[in-house]
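Going by TrEMBL, these are the annotated features:
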{"type": "REGION", "residues": "1-23", "note": "region 'Disordered'"}
{"type": "COMPBIAS", "residues": "14-23", "note": "compositional bias 'Acidic residues'"}
{"type": "DOMAIN", "residues": "83-139", "note": "domain 'P-type ATPase N-terminal'"}
{"type": "TRANSMEM", "residues": "110-127", "note": "transmembrane segment"}
{"type": "DOMAIN", "residues": "168-230", "note": "domain 'P-type ATPase A'"}
{"type": "TRANSMEM", "residues": "268-289", "note": "transmembrane segment"}
{"type": "BINDING", "residues": "T638, K1019", "note": "ATP binding site"}
{"type": "BINDING", "residues": "T638", "note": "Mg(2+) binding site"}
{"type": "DOMAIN", "residues": "761-1015", "note": "domain 'P-type ATPase C-terminal'"}
{"type": "TRANSMEM", "residues": "792-813", "note": "transmembrane segment"}
{"type": "TRANSMEM", "residues": "825-845", "note": "transmembrane segment"}
{"type": "TRANSMEM", "residues": "875-898", "note": "transmembrane segment"}
{"type": "TRANSMEM", "residues": "936-955", "note": "transmembrane segment"}
{"type": "TRANSMEM", "residues": "962-981", "note": "transmembrane segment"}
{"type": "TRANSMEM", "residues": "987-1008", "note": "transmembrane segment"}
{"type": "REGION", "residues": "1032-1096", "note": "region 'Disordered'"}
Amino acid sequence: MSRPRVDSAGSLGPDDEVMPYSDDETDDELAVISEVGLRFVKETIFEGCLFVSSEMAWKVKASDRPYHQLPEFQKKVFLCIKKSRYSGNAIKTYKYNVLTFIPLNLYEQFKRVANLYFLALLILQIIPDITTLPWYTTLIPLVVVLGITAIKDLVDDLARHRMDKEINNRKTEVLLDGRFQESKWRNLQVGDVVRLKKNDFIPADILLLSSSNPNSLCYVETAELDGETNLKFKFGLRVTDEKLQEERQLAWYLFDGKNQDASRRGFLTFWGYIIVLNTMVPISLYVSVEVIRLGQSKFINWDLQMYFSEKDTPAKARTTTLNEQLGQIEYIFSDKTGTLTQNIMEFKKCTISGRNYGKQLLWNREADRKFQFMDHSLVAVVRSRKDKDASEFFKLLSLCHTVMVEHNDDGALVYQAASPDEGALVTAARNFGYVFLSRTQDTITIREMEQEATYEMLALLDFNSDRKRMSIILRFPDGRIRLYCKGADTVIYERLSPNSRHKEATQTALDVFANETLRTLCLCYKDISRDEYEAWSRIHKEAQVAKRDRDAALDRAYEQIEGNLLLIGATAIEDKLQDGVPETIAKLAKADIKIWVLTGDKKETAENIGFACSLLTDDMQIHYGEDVNEKLTIRQATRRNAPSTFLRSKKKHPEPFFTESGKNALVITGGVAGEFHSRPTAVLNCPLLRLQIDFVDMACECEAVICCRVTPKQKANVVSLVKKYKKAVTLSIGDGANDVNMIKTADIGVGISGQEGMQAVMSSDYAFAQFRYLQRLLLVHGRWSYIRMCKFLRFFFFKNFAFTLVHFWFSFFSGYSAQVAYEDWFITLYNLFYSSLPVLLVGLLDQDVNDKLSLKFPKLYLPGQQGSLFNYRNFFISLFHGIFVSLVIFFIPYGAFLQTMGQDGEAPSDYQSFAVVTASSLTFTVNLQISLDTSYWTFVNCFAVLGSIALYFGIMFDIHSAGIHVIFPSYFTFTGVASNALRQPYLWLTIILTVGISLLPVICIQFLHKTIWPSVGDKVQRHRKKYEMEMAQEEKKKPSAFQRGQRSRRSAYAFSHSRGYADLISSGRSIRRRPTARAGPQDSIREFPQREAENI
């Protein structure tokens, strides 16, 4: 090689500070080996496939497994047990095995505070001096909870075992016994030579020895590692490549007989009541919440209306802890390219020499049949070859790029580009007869209208986010030297020659294209004399070898040659909106959710997309960065000049920034947004904190905010500002690696599986394929999850307050002895079987209105944002409701038992009969109460309510039977109580009276609320059938809020692609010519299909 390879040790992770203003990755993707790896290569000797590194003290011998089992490669593990120093290739992601499951799982479960709490209670109950309840009243629920959780963990771990087994059992070809044989991945060992074919997954960390491409060049996709779908270049050492090519070879009682003073008994009683009252917040709450969350996540996964059939991509809830927060979103932060748009570029229009074009062509036999540009007049101009500018236009597109090319199985050309924009432009040239065929280190070959021509590439001036352009210097076959350049209109117009023609006409065309939300690019050229080129070439070479500020030196060199350009024309590329984006944004806006678009695109492009997707409308007053600075300056000056007056008005009501009536929108650039993190601590004598608050207050007054030209770190900073000062639930949605910071910073992250890999999806909490599914995720699943969880928590606390506080009232009549009011087994089974299933089903299945009405009336989403369904007020309402019911359940049976006589002359006013009546009243009350609160009835809900009551009586009669008492006399002490008590009619009347008085106030309050103070949901429910009929009859389409041609807005090239492949191409590291004897049809650059993870 003529120069050392690029050092990438400093580019192992993205640097947000230097991230380009684009929707893609940084410029450092092409670094191919780290500093350590470079030293390894330099100090490694290839001799009979034996690799020795003096620095790392490892020896590897190719295709020699016994060699690596020698004693020198063994290390002591324990005593005399040794194992190989080399790790095996089998992967292990599971946590448990047969021996470690029980101890490790118990250890992980008891790391949770809730489980430790109930374990401590169990220990207290084992102490005879303290206990007021049998130990099993806590042990059984604890064991059930631990068991359920262990089963869940076991199922999850078995899935990991299966996944590991599937990966470890994949097949690859390994050189064994002199021939390539199929071997499982897990059996691969150090030194094995592996042969991989096109589209194969890479089975291990491997050293590339050789490939069938020129000079060991290959392409690797790393989507499963980092989400990158662009191909990475890898190549082997020249010595291994040449050699292998030649050889063709890879439970207390108060009176216990003990003398204890009052203080000691009081101390023990205190701990006894701690145990008795622990059911106020039982352990089953934790499990129930987890079950509900898991169920809600599964409903999202199973929603066919969020399934994208074109890519076979269902919605995926990657977490189970955030579902209810989906019903409380106030701010959405969205990327643009690939999130609102499809990130699929199409060449739509162009302007050449001041004339605009755009209609269909079908004359070229090598045209891409998917190409949809339409203009017969341009076809005629190109084919006539009379218009020099038209020829130069498409010649520039076919030559000035960093695209790679290969032939597929059918012999058709396939292009691999650094960005969709680049690919669309080269494809356009191909379809007009200027076909890019191949490239080497210093040449580019194209077919110009059926005539093949090869151009010598003298220099390739690559694109970056600061230059906003790229150029190429070519020597034509006739000896002429010409520079071709393409870039953003803002930078090209600054470098045009005064003699350049059609500048005004082209600028007018750019305005027209921008008004149609197209991404534009200007094309120009310049002829260079031999002397001028040679002088500049010396400057360029000095800049290339500069040891300090090399990039800056190169930019200065580029500036010298990229001047006095002659304008040819401009291209216009369409990045189409995804289906349903305007409708989704409109519905979310009606739900009072504010949407901020954070994009790396130019302001004009992003603003036009805002109009196209209905984020911006013509009735909005749009404020730009200058307005922001002016209003913030005025606010700071007002605070400084009249601080006391300002503070008093601030406490009463914040003064708005926008006093005019109507809607407002904010469009700012990344520079303005970044100032609120980079400014000094005082601006206009006001701390930075106050400035940030003012900026957030002003932005949040707007219906829409668009931040343009923001880096990934600035995206995350904007999200953190809103989270910090608004205390609102935020959601970020994006599709690329540059959106990961924003997704992780927000409370909820949503990833779209689009064209930019899977890294955003892997970092997200929820994932789906299209932006339009966001409205269903929030307005349906999010709202339902929030309502269900709030209703579940309110009722769960109520039923346990009503259950536990009966012990408190009973203590006034039991000498404060911590004696319980119920039978021990009722306490044990109350939250497990008697009251759990109905409330659990409400948390899983309840819905006030169906999904269609939820989408039709976005205002139903507002209670979640306001947090009005579960807060301190609702908690205390549940507490007072529980106190009232516990008073009724205890004192009505107590009054009935006070002075009574049974039908047989015996008084059934004993403690055990009292416990049965109170327990029965409580079971009826809580199950009927949840029936009153259920909005959506199914067979399952009905079965759960009736089944819980039936299960209570079935179990009670069983554990009160004589047979079970004979077997376990010390645990089942209520022998015959149920059958004796419940045959007394007046005890049934007592139960009915207790249940009736408990439920009557609730029925009255619910009636008054629904008739006198109905909520939005109550009104929708009341007219549900009417609305459903209206929806069935509605089939009219809504017109787009964006009307083309209304306003003239400039656009520019969005620079969605990262730094190109110019450095790799021009250095010769990626393209070397093979010796002529081995040259063949595979000598061209190959392209490999995208969306295949880690394949070659």
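Here the Cβ of each residue, glycine as well, is placed from N, Cα and C on the backbone.
Among residues of the same chain six or more beyond the transmembrane segment (110-127), those with a C-beta under 8 A of the stretch's C-beta atoms are 133-135, 137-139, 141-142, 145-146, 271, 274-275, 278, 283, 286. Each of 825-845, 875-898, 936-955 was scored by its Cβ pairs under 8 Å to the transmembrane segment (792-813), and the highest score goes to 875-898. Here the domain 'P-type ATPase N-terminal' (83-139) has, by DSSP, the following mix of helix, strand and coil residues: 27 helix, 2 strand, 28 coil.
Each residue in the domain 'P-type ATPase A' (168-230) gets a DSSP state, and the totals come to 11 helix, 24 strand, 28 coil.
Taking the Cβ of T638 (ATP binding site) as centre and 10 Å as the limit, one finds 14 other Cβ atoms among all the protein chains shown.
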